[in-house]
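K.L.:
Below you will find the structure I want to go over with you.
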Amino acid sequence: MDGTNESTQGNFILLGFSDRPHLESILFVVILIAYLLTLVGNTTIILVSRLDPHLHTPMYFFLAHLSFLDLSFTTSSIPQLLYNLSGCDKTISYTGCAIQLFLFLGLGGVECLLLAVMAYDRFVAICKPLHYMVIMNPRLCLGLVLVAWGCGVANSLVMSPVTLRLPRCGHRSVDHFLCEMPALIRMACVNTAAVEGTVFVLAVGIVLSPLVCILVSYGCIVRAVLQIQSASGRHKAFNTCGSHLTVVSLFYGNIIYMYMQPGNSSSQDQGKFLTLFYNIVTPLLNPLIYTLRNKEVKGALRRLLLHDREGGKEQK
């Protein structure tokens, strides 16, 4: 296409929230604080999962990967947003835009699949408790994580070039705060029906298929829990799944709304704030959800803190 070569020249302009300059300084402070808390919260989950022997289980192996994904996902766009909010320069290089798009699509796809893997882990833990450690052995856990990463990256390798190669007829202004697929599709000066159709088909595979697996897993879990006689047993089983269900609801509620209706059909302002929620609020809340609702994680944090204090006293 003739428009492909011109798209690689110069920088893109991320309009972001520049139409609301009074909001930019407020957003900068709020997003900076949220980003720092996200880094601390998810790093804590990773360290606790690795350092405490009591948490060397499949569930926390997957949770550590989820926290790493959240860290990577947020860092792929928030530093650029903070830079653009802090001054008049709203530009991003073509290479930076391409990397941002690739990471955004790839990491988002991996997270969809990883949440499905975590739902399967909960299904085995509740429906087949006696065989849990045999089924969820380290080899299978590693294999499931690698499949999630492989499929997410493959999806991004397909969709990123298709999106970037759309002719833009010299248009450089991205009506978003990051190089996100629907915003780049809107910039095209050609009919994008074929691309949007491809996006929809791939979204069904990478977004809705894992969601179906999650719903099936939890359908089986609910049926198994209802057969438990004791109320305390049922409460414990539901509590085990509560954190994961909350994270799934937050994640999928945003991603389905944004990516199952790409291009011109979605509200641009609404899309910006939904993407901001998806990019910073969800990764910020995930560690809180898993620590506040989880006695094992709170116990691990307590043990690590007490160990550090005892170590400090011995040195004195």
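In case you wondered, yes, glycine gets a Cβ from its N, Cα and C as well.
So TrEMBL lists these for the protein:
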- 41-290: domain 'G-protein coupled receptors family 1 profile' (DOMAIN)
- 26-48: transmembrane segment (TRANSMEM)
- 60-78: transmembrane segment (TRANSMEM)
- 98-120: transmembrane segment (TRANSMEM)
- 140-158: transmembrane segment (TRANSMEM)
- 200-226: transmembrane segment (TRANSMEM)
- 238-260: transmembrane segment (TRANSMEM)
- 272-292: transmembrane segment (TRANSMEM)
K.L.:
Residue list, the transmembrane segment (272-292) vs rest of chain: Cβ under 8 Å, 6 or more residues beyond ends.
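P.N.:
Counting only partners 6 or more residues beyond its ends, the transmembrane segment (272-292) has Cβ contacts under 8 Å with 16-17, 31, 34-35, 37-38, 41-42, 44-45, 63, 66-67, 70-71, 73-74, 77-78, 176-178, 180, 243, 246-247, 250-251, 254-255, 257-258, 298, 301.
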K.L.:
Looking only at the recorded stretches 98-120, 140-158, 200-226, which one has the largest tally of CB-CB distances under 8 Å to the transmembrane segment (60-78)?
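P.N.:
The stretch I would name here is 98-120.
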K.L.:
Mind checking which residues reach the transmembrane segment (140-158)? Cβ under 8 Å, same chain, six or more beyond either end.
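P.N.:
Distant Cβ neighbours of the transmembrane segment (140-158) are 58, 61-62, 65, 102-103, 105-114, 117, 120, 202, 205-206.
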